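Chemist: Sharing a structure, written as structure tokens. Questions coming.
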2 protein chains.
Amino acid sequence: MNMEGEASTVGWARWGATKNAKALPDSASTLLAQVLELTPPPPAVPLAEVTVPDCELDDTVLSALRRALGAEHVVTTHDARARHASGMSTPDLLRHRHGEVPVAPQAVLRPADHAEVLSILGLCSRYPVAVVPFGGGTSVVGGLTPSATRHVAVDLSRLDNVVAIDPLSRTATLQAGLRAPRAAELLAEHGFTLGHVPQSYEYATIGGFAATRSSGQASAGYGRFDDMVMALTVATPRGTVRAGRAPASAAGPDLRQLFLGSEGALGVITDVTVRIRPLPAQSHYEGWWFESFADGLHAVRRLAQDGPRPTVLRLSDEVETMIGATGSGRADGGCQLIAGYEGTDVLPTVEAAADVLAAHGGVPLGDEPGHQWARHRFDAPYLRDALLDAGAFAETLETAAYWSALPEVHDRVRLAILDALPDGALVLAHVSHVYETGASLYFTVICSPGSDPVERWRKAKAAASDAIAAAGATISHHHGVGADHRPWYAAEIGDVAVDLLRSVKQQLDPAGILNPGILVP
Amino acid sequence: MNMEGEASTVGWARWGATKNAKALPDSASTLLAQVLELTPPPPAVPLAEVTVPDCELDDTVLSALRRALGAEHVVTTHDARARHASGMSTPDLLRHRHGEVPVAPQAVLRPADHAEVLSILGLCSRYPVAVVPFGGGTSVVGGLTPSATRHVAVDLSRLDNVVAIDPLSRTATLQAGLRAPRAAELLAEHGFTLGHVPQSYEYATIGGFAATRSSGQASAGYGRFDDMVMALTVATPRGTVRAGRAPASAAGPDLRQLFLGSEGALGVITDVTVRIRPLPAQSHYEGWWFESFADGLHAVRRLAQDGPRPTVLRLSDEVETMIGATGSGRADGGCQLIAGYEGTDVLPTVEAAADVLAAHGGVPLGDEPGHQWARHRFDAPYLRDALLDAGAFAETLETAAYWSALPEVHDRVRLAILDALPDGALVLAHVSHVYETGASLYFTVICSPGSDPVERWRKAKAAASDAIAAAGATISHHHGVGADHRPWYAAEIGDVAVDLLRSVKQQLDPAGILNPGILVP
């Protein structure tokens with residue numbers, strides 16, 4: 001077993017392995033140097049030098065866990081514990097770079113199956129010790145950093161099988177710890193795809209997608225992850241819940257939807273049955289240009305509402321287009337749109353969508369921007385590393401709103417961030433998930449770090465979150481609640497719902513061991 | 001106020017007003033006479049002659065309710081109470097015909113708005129008196145017949161407004177008591193449609209659709225009702241829950257999905273924000289013939305999975321086709337399919353779908369069967385009245401399953417019903433709601449009533465429900481749980497989920513007043 005340096009895990013203090021690092025495009029470097037005063041920071045503290053207090057779990061607990069899982073699956077090494085202490089938000093990375101980790105798990109547990117997860121929950125409820133389910137470790141909202149003083153991480157990486165495939169019904173049951181690229185490989189052997197490709201794709205897991213209501217870059221065509229879930233199995237301290245039985249049902253409340261988005265606070269998702277689709281025979285990505293974000297939004301809305309619906313649809317605002325975050329920005333203003341098409345025979349859809357885009361002022365930019373986007377579709381977190389290396393601060397946040405509210409949300413959030421960072425910041429935004437009734441908005445903020453970048457960002461993020469709430473949008477479209485969004489989440493759902501959620505947690509997790517401080521206000 | 005004979009309410013002891021009665025097609029009458037020995041029953045006991053015990057609510061409660069709602073909205077008349085005592089299952093209708101009603105509500109309350117519903121819940125929690133929310137009164141699963149000995153019906157018919165329409169985002173907020181035809185009228189004034197047309201359309205309400213997870217005849221094109229719900233407002237004894245804030249969200253569990261399908265047991269839904277679509281400019285319905293149900297299923301699956309997706313898609317099995325439930329059956333065996341298309345320019349879709357249907361052995365029957373279906377799309381419950389008038393027993397049940405399980409579910413349920421009715425029964429079935437991963441199955445059973453038709457059917461229905469469960473299908477695709485499906489529902493969701501649902505109810509409804517005995521096992 002090698003948990004400390006596998007290529008398949010995220011990097012230490014950065015998104016990916018150093019060998020995969022991506023350089024900033026020259027245009028971006030030049031612009032940044034003009035706009036921000038940046039001083040490259042000292043090199044990151046190496047993992048081995050990070051202080052992690054010794055494991056304080058008493059021998060009774062450890063012995064019981066070792067009996068349940070096998071001693072080699074109760075890992076208490078320094079590196080494993082440091083790596084399982086937090087996620088991948090920029091504040092997480094900055095803390096790593098400074099050699100700090102939040103309260104690290106006492107041990108990293110690696111159960112083999114659902115039954116072992118149930119055993120862990122039973123043992124941890126008895127002692128009690130808090131439990132943090134750990135998939136790909138890619139949370140950007142503090143979802144892996146509980147408020148408990150003593151916890152264990154339950155690393156699901158050994159639950160990495162395809163349990164069943166039903167090609168006629170087009171469903172597959174996938175274990176929670178399966179990473180997205182491996183799930184794709186295994187499904188491809190049967191001629192299928194999940195079509196779920198979020199930016200965290202390289203590291204994120206099936207269970208994580210379910211627990212956080214992930215949404216992928218191809219959501220316009222394949223839907224959100226929660227749309228794909230036909231059934232799921234959840235281990236709770238009270239026992240097993242198996243929710244979802246048929247393609248659709250009127251048999252009571254949809255209990256799947258209580259565990260989707262539950263972020264480890266209500267149980268540990270151990271497998272998920274998803275709707276799958278045949279591997280597309282063709283794919284085509286292309287670029288379009290619009291004079292303004294408003295024009296682009298109008299065109300995107302028409303495609304989302306009346307079709308034909310591309311598989312990928314993303315519209316950058318003027319600032320994001322100018323900076324060319326995708327590496328193909330035009331310098332003459334306006335907004336860039338990427339449309340992607342996957343399927344058996346995409347040409348008729350490409351042409352019909354082109355008619356709609358052109359009718360709404362779109363100017364075709366050809367395939368090259370599309371290819372650029374496809375080549376660089378997973379680059380953003382690597383570019384963040386490059387920005388941090390250059391001495392900049394970079395972070396993202398996101399929301400979703402109805403079409404009629406979207407322009408106002410865009411304005412208010414931008415202004416709130418700019419107000420909170422008075423010495424200058426670049427605020428880029430794009431729409432990348434569309435629905436008949438509205439769309440997501442994804443913001444990237446680049447600024448100088450100041451003397452206390454974590455605290456500075458906390459305030460700017462709070463201002464952005466307040467603006468999101470004030471504009472009636474949701475506090476998260478696909479990142480989740482975690483620890484970071486909890487106050488806004490509570491306000492969003494209201495007091496009666498907060499009490500309801502607490503009572504659900506109390507029922508399923510009477511000892512309160514499951515991810516305390518995450519999600520549930 | 002006239003609650004006792006409005007054309008807009010369902011009939012007494014029958015689905016619709018007597019003037020709207022439909023005669024059985026000759027072919028069906030002839031066949032029935034050959035297969036079943038039928039003796040026309042005595043005429044139904046008129047509503048006025050039905051015994052309803054006097055209202056036993058004490059004056060304190062009644063006075064408090066009158067103060068809260070206005071005296072004229074606390075109705076204790078014989079007819080109103082009898083009409084609000086049950087739904088429209090065949091056992092309900094048979095009891096009505098015999099002059100029996102289950103325990104009738106002590107009073108029928110007609111709140112004007114959400115605030116008045118909250119007041120009712122507060123008052124009824126205090127005394128306590130059970131509360132049964134009443135929309136269109138069309139439940140066929142005992143959803144309006146609580147186990148409480150003393151209850152009031154909360155008739156939502158005064159909550160019948162469109163609260164807001166957002167044409168850009170294509171959403172509308174509709175009050176819960178709005179009946180479907182009136183909602184359609186009001187949306188049509190703005191150029192929109194909901195596209196939700198279940199068989200109960202003439203009488204059912206928006207709140208009822210949400211509370212029971214209704215699915216309409218055009219679900220292949222417009223989706224199920226629960227797919228359409230963007231947000232809903234629920235009055236609970238603990239206060240108000242407003243769930244749903246954006247087109248999509250990763251902010252925690254989807255609490256809408258806890259109230260959709262909650263059947264009045266967790267709260268009273270007072271308004272629903274739905275996704276709406278432009279009124280279709282064109283509609284086209286046509287018939288196809290397949291040599292067998294298996295062939296038809298294959299074709300339907302291909303359309304559901306790979307498109308193009310018709311708006312309406314229904315495939316009758318051999319028996320249903322033979323009996324010509326839609327009035328257009330062919331006598332030479334095989335299965336009939338109805339495909340309906342609604343949209344701006346339907347011809348390309350009609351043609352592309354025709355290619356798929358033909359490639360899978362479909363023989364086009366032209367428009368006439370489609371027109372027949374469209375003309376008679378709401379007839380089934382009237383034909384049930386005609387069958388009951390002729391002395392037959394007729395009832396329906398339904399489920400949904402994955403494609404790979406569907407043929408077995410079809411066989412097992414048919415056989416279970418035939419076994420349970422050894423002196424002969426006609427069991428008809430069709431698929432009328434399709435998904436990528438599976439479809440619904442809807443069974444109609446026609447048999448002689450025997451000496452105790454209600455008890456006889458209880459046993460046959462139990463056998464069918466056992467077969468559904470044994471085949472791994474869901475106990476209801478769109479009728480709901482009510483009182484009738486409760487044991488199978490409990491088994492379907494499992495013990496941990498049952499306890500969870502009970503704790504949710506306990507949290508929201510500590511006095512246990514909301515529809516006791518319905519849904520929650």
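Placed from the backbone N, Cα and C atoms, the Cβ positions cover glycine too.
Whatever TrEMBL says is automated annotation, not expert-curated.
Feature annotation from TrEMBL assigns domain 'FAD-binding PCMH-type' to A:101-279. The feature FAD binding site is assigned by TrEMBL to A:133-139, A:212-215, A:263-269. Taken from TrEMBL, the feature substrate binding site covers A:ARG384. Per TrEMBL, the feature active site, proton donor/acceptor maps to A:TYR442.
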Chemist: Pop the Cα-Cα gap between A:TYR442 (active site, proton donor/acceptor) and A:ARG384 (substrate binding site) into the table, whole Å please.
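Modeler: That comes out at 15 Å between the alpha carbons.
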Chemist: Using all protein chains in view, find how many other C-beta atoms are within 10 Å of the C-beta of A:TYR442 (active site, proton donor/acceptor).
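Modeler: For A:TYR442 (active site, proton donor/acceptor), the 10 Å Cβ neighbour count is 24.
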Chemist: Using only C-alpha positions, which one of A:PRO133, A:GLY136, A:SER139, A:SER214, A:GLY267 is spatially nearest A:TYR442 (active site, proton donor/acceptor)? These are the binding-site residues in the record.
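Modeler: In terms of Cα distance, A:TYR442 (active site, proton donor/acceptor) lies closest to A:SER214.
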Chemist: Look up the residue listed as 'active site, proton donor/acceptor' in the DSSP assignment and report helix, strand or coil.
Modeler: strand
Chemist: Taking the Cβ of A:PRO133 (FAD binding site) as centre, how many other Cβ atoms lie within 10 Å?
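Modeler: Taking every protein chain into account, the count is 30.
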Chemist: These are the binding-site residues: A:GLY136, A:GLY264, A:GLY267. Which one scores highest on other Cβ atoms within 10 Å?
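Modeler: Of the binding-site residues A:GLY136, A:GLY264, A:GLY267, the most buried by Cβ count within 10 Å is A:GLY267.
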Chemist: Suppose we draw a 10 Å sphere around the Cβ of A:SER214 (FAD binding site). How many other Cβ atoms does it contain, all chains included?
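Modeler: Looking across every protein chain shown, the total is 29.
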Chemist: Using DSSP reduced to three states, classify A:GLY267 (FAD binding site) as helix, strand or coil.
Modeler: coil
Chemist: Including all protein chains displayed, how many Cβ atoms other than that of A:SER139 (FAD binding site) lie within 10 Å of its Cβ?
Modeler: 29
Chemist: Can you check what DSSP calls A:SER139 (FAD binding site), collapsed to helix, strand or coil?
Modeler: coil
Chemist: Note the mean pLDDT of the domain 'FAD-binding PCMH-type' (A:101-279), expressed as a whole number.
Modeler: 97
Chemist: Test of understanding: give the count of other CB atoms lying within 10 angstroms of the CB of the residue listed as 'substrate binding site'.
Modeler: 23
Chemist: What does DSSP call A:ARG384 (substrate binding site) in the simple three-state scheme?
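Modeler: The three-state answer is helix.
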